[in-house]
């Protein structure tokens with residue numbers, strides 16, 4: 001069975017992600033990282049899910065069994081783990097989170113000593129070790145060679161300083177009213193602290209994690225509460241994080257949820273004006289709206305498109321010497337400050353842009369009007385290779401002929417196919433989506 005998906009290992013806690021699997025995966029990772037070890041220390045963090053305690057304990061057992069020392073830092077955002085792994089000179093970092101998924105799911109993702117997500121070749125090597133009984137048995141240490149673990153509570157300050165350093169020193173957030181929805185997740189302490197220390201009037205919602213309310217009708221996937229609070233409190237802006245705070249959703253002062261591509265476009269144009277956009281280009285994914293292309297062209301900025309997943313965005317950014325990119329879903333990467341999508345860094349850049357431009361959020365983000373786009377997640381029973389589906393090429397050609405951009409791809413973690421259609425005529429896009437849905441229902445026995 002394949003372990004790694006598009007973002008680490010993910011599944012239902014206690015089922016696919018059991019204590020046994022977690023411990024063995026940690027042992028396999030430990031064996032791999034020992035080959036290039038510099039400090040013999042691995043950092044482990046988690047979000048606020050109840051199952052995080054079980055998985056954390058199993059991971060610590062697995063790592064110490066193969067001789068690694070472990071630093072446990074408790075609930076912290078995913079980008080904090082990436083930053084602290086490098087900052088604290090660890091051999092690797094491990095984050096226990098299923099991001100925006102419900103509380104009963106969990107996941108394990110790894111970072112190398114520089115705070116980068118692992119590429120697929122390394123994941124494949126760890127997976128190979130995971131299934132090698134002899135190698136795992138022989139790697140287990142005894143007596144004084146068994147590793148030690150230490151729980152540390154004071155590292156949050158290092159990450160807060162890093163976030164504040166991404167905000168222009170000549171600015172402050174006095175007279176700015178901000179509503180934060182921390183999704184009962186990993187940002188529940190750090191996000192309010194950062195905004196308060198910079199002088200904002202901060203209102204926080206969904207900040208009482210109990211182990212099972214993470215992402216529950218709140219946060220980046222459910223910004224409705226945030227939108228109504230921003231309006232009710234006459235706030236200047238609202239920010240919603242997901243469970244591990246690597247993505248951000250923005251709500252303007254009118255309570256309108258800002259389109260993810262409008263965030264990317266506006267920030268790219270702002271960086272370009274500030275002469276801070278390297279390479280005169282940004283990276284977005286194949287999911288991004290064609291209106292983003294047109295908006296960036298008007299600002300003389302080039303758009304490169306990667307596969308879906310922030311690690312692929314980052315890969316393309318590195319290959320092309322680009323320092324800004326992201327996904328429509330709210331993963332935004334400022335490579336000057338972070339190695340992965342970071343909701344807090346993004347929120348800092350958004351408020352800095354508002355202050356420097358002297359404009360309201362709605363005025364800035366209203367400049368990019370996305371073309372009608374429909375995304376449908378269709379449950380399926382089998383994942384046939386797309387190039388083997390009869391009639392699909394003809395369907396794509398007929399859509400293109402009508403000026404409709406199409407993208408069909410399987411979810412890396414669930415039995416779903418994601419169907420995306422985009423065009424300038426809403427009615428036509430809706431009509432064709434009905435046909436596309438029926439086509440895939442028949443083709444994949446959904």
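Cβ coordinates come from backbone N, Cα and C, glycine included.
Just one of 99, 398, 406, 411 is listed by Swiss-Prot for the same Mg(2+) site as 242, 244, 246, and that one is 99. Straight-line distance linking the Cα atoms of residue 244 (Mg(2+) binding site) and residue 99 (active site, phosphoserine intermediate), rounded to a whole number, equals 5 Å.
The Mg(2+) site is set by 99, 242, 244, 246; from the centre of their CB atoms, other residues of the chain with a CB within 8 Å are 47, 77, 78, 97, 100, 185, 186, 220, 241, 243, 245, 247, 341, 343. Here the recorded positions are 99, 242, 244, 246, and the one whose Cβ sees the fewest other Cβ atoms within 10 Å is 99.
Comparing residue 246 (Mg(2+) binding site) with residue 99 (active site, phosphoserine intermediate), their Cα atoms are 8 Å apart once rounded.
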